[in-house]
Amino acid sequence: MISATNWVPRGFSSEFPEKYVLDDEEVERINQLAQLNLDDAKATLEEAEGESGVEDDAATGSSNKLKDQLDIDDDLKEYNLEEYDDEEIADNEGGKDVSMFPGLSNDSDVKFHEGEKGEDPYISLPNQEDSQEEKQELQVYPSDNLVLAARTEDDVSYLDIYVYDDGAGFHSSDIPVEEGDEADPDVARGLVRDPALYVHHDLMLPAFPLCVEWLDYKVGSNSEEAANYAAIGTFDPQIEIWNLDCVDKAFPDMILGEPLDNSMVSLKSKKKKKKSKTGHITTHHTDAVLSMAHNKYFRSVLASTSADHTVKLWDLNSGNAARSLASIHSNKNVSSSEWHMLNGSILLTGGYDSRVALTDVRISDESQMSKYWSAMAGEEIETVTFASENIILCGTDSGNVYSFDIRNNENRKPVWTLKAHDAGISTLCSNKFIPGMMSTGAMGEKTVKLWKFPLDDATNTKGPSMVLSRDFDVGNVLTSSFAPDIEVAGTMVIGGVNKVLKLWDVFTNRSVRKSFKSELENVQARAKEEAQKIGKSSRIARKYTSNDNPDTVITIDDQGEDEEEREGGDEHDDMA
């Protein structure tokens with residue numbers, strides 16, 4: 001199951017990601033995190049004993065067994081050290097695989113040798129040639145995008161980090177040679193490379209992931225230097241932040257949400273928590289994290305929304321909640337959030353109170369800081385986004401999409417309303433490079449729909465027209481997102497209840513090119529101009545020049561290899 005996706009723009013990833021190093025400082029940090037988890041487990045055990053009673057022999061025996069297990073460090077238990085001497089591990093190329101050390105466990109070239117004839121045991125490391133080959137395999141080029149996909153399989157969750165290479169050159173000799181081609185290294189060498197999508201590395205997550213947000217800020221640094229991190233929100237109330245430029249990392253770089261205060265040690269039991277009704281907790285979330293939004297203007301600020309009905313603004317330097325807002329959505333779940341594209345003080349949120357809120361976080365009085373626009377009474381807002389600096393889009397649990405103009409007074413009727421799906425909206429995306437392009441998906445349906453909607457005239461109430469509807473064989477659709485760079489302006493990823501991730505270039509479809517002809521031409525002209533400024537040639541500027549382009553979808557199969565699906569004739573059965 002792919003439950004959330006996001007993109008990393010070109011140029012932010014380290015070209016050669018570093019390998020995880022288990023030094024003394026890292027060991028101390030891990031020990032602190034492990035102790036918190038152990039305290040959590042002990043508190044859970046005490047709670048279970050208190051509820052079950054000591055008179056139940058079966059429950060007592062089970063509790064004693066659990067207590068004995070707690071004496072074994074969780075990090076060591078997976079290695080089965082108690083039965084280590086009883087196991088026979090096959091000798092592989094003169095040594096055994098190293099599994100004791102997180103920084104070495106995933107390296108098949110690192111071997112442990114017992115030693116012969118009284119010699120001391122030792123570890124053999126890869127030679128310089130092997131290291132260079134591995135370094136090249138991990139290389140991320142400046143022209144590559146990363147795709148972040150939150151995946152759950154067999155009750156275990158991961159964040160998969162994909163590399164998307166849009167390719168180079170053109171197979172067709174009809175594509176004209178243009179000024180600036182000689183300055184592009186790939187084109188100058190005559191290199192022709194097809195698009196490719198593959199898994200670079202992955203991270204194991206503590207709970208089912210609900211959202212993922214890319215950060216260009218180095219957490220805990222107080223630095224303006226660009227970085228490459230990901231924040232993951234799950235059914236747990238904490239937010240984990242990981243460095244995407246580090247491979248084989250065992251623990252996150254930062255956890256937002258006061259893990260100690262938010263652990264079972266301090267929140268003894270759910271019953272006591274409900275009875276006490278402590279009110280607004282300002283330091284951390286107490287329920288699932290439903291959405292996050294990184295502020296591109298104030299880069300040390302991350303907003304999060306939760307099923308605990310609050311919106312929190314996090315300081316990424318200290319890891320603390322700088323502000324907590326509890327009354328924006330009338331004590332209802334806050335499901336979605338996004339910062340304004342031009343104003344870093346304005347936060348857009350949607351909630352289960354049927355309202356969209358536009359909040360100025362600089363205002364201290366919560367009763368005066370938000371303006372509201374409402375969907376139909378009883379509908380729950382599932383997702384919100386800016387289509388432009390003045391137009392808001394929101395999707396609801398009944399399958400409706402609403403458009404509001406923030407220049408109108410609050411509580412005004414929507415500019416238009418669209419019955420997009422018969423089930424609740426799970427994903428709603430607006431393409432920031434192609435004005436008026438919108439994609440939708442529903443958690444109870446298997447199709448992704450592409451729409452064209454009026455954007456330049458706020459008085460146009462005609463509403464969107466569907467360009468196409470397509471089943472990508474991902475099961476019920478849970479997530480989709482458009483690429484963040486102009487060179488891949490028409491590319492989107494799609495995920496659903498099936499574990500495969502699909503990548504689709506929408507402009508390889510003839511109907512899409514026809515519907516957005518002028519918008520595509522404008523993007524191509526702009527991309528060409530931007531490429532020439534940096535001495536390169538634009539690939540998108542010369543794409544889609546003929547009408548016989550195959551409709552292309554890239555699929556990642558079970559082995560993590562990409563397969564390219566091509567629909568002949570540039571048509572598709574599900575076309576509108």
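Glycine is no exception: its Cβ is also placed from the backbone N, Cα and C atoms.
Of the listed residues (SER52, SER221, SER335), Swiss-Prot tags SER52 with phosphoserine; the rest carry no such note in the record, though that does not show they lack it. Per Swiss-Prot, the phosphoserine annotation among the candidates SER131, SER276 falls on SER131.
Proximity of distant same-chain residues to the repeat 'WD 6' (472-514), defined by a Cβ-Cβ separation under 8 Å and at least 6 residues beyond the stretch ends, is recorded for 1-10, 143, 145, 147, 149, 151, 153, 160, 162, 164, 166, 195, 197, 426-427, 429-434, 437, 439, 441-448, 450, 520, 523, 526-527, 530-531, 538-540, 543-544, 547, 549-558, 570-572, 575-576. According to DSSP, the secondary structure content of the repeat 'WD 6' (472-514) in residues is 11 helix, 16 strand, 16 coil. If one looks beyond the repeat 'WD 5' (420-461) by at least 6 residues along the same chain, the residues whose Cβ comes under 8 Å of a Cβ in the stretch are 341, 380, 382-388, 390-391, 393-401, 403, 405, 407-408, 467-482, 484, 486, 489-490, 492, 494, 496, 506, 512, 515-516, 519-520, 523, 574. For the repeat 'WD 1' (207-252), the number of residues in each DSSP class (helix H, G, I; strand E, B; coil) is 0 helix, 25 strand, 21 coil.
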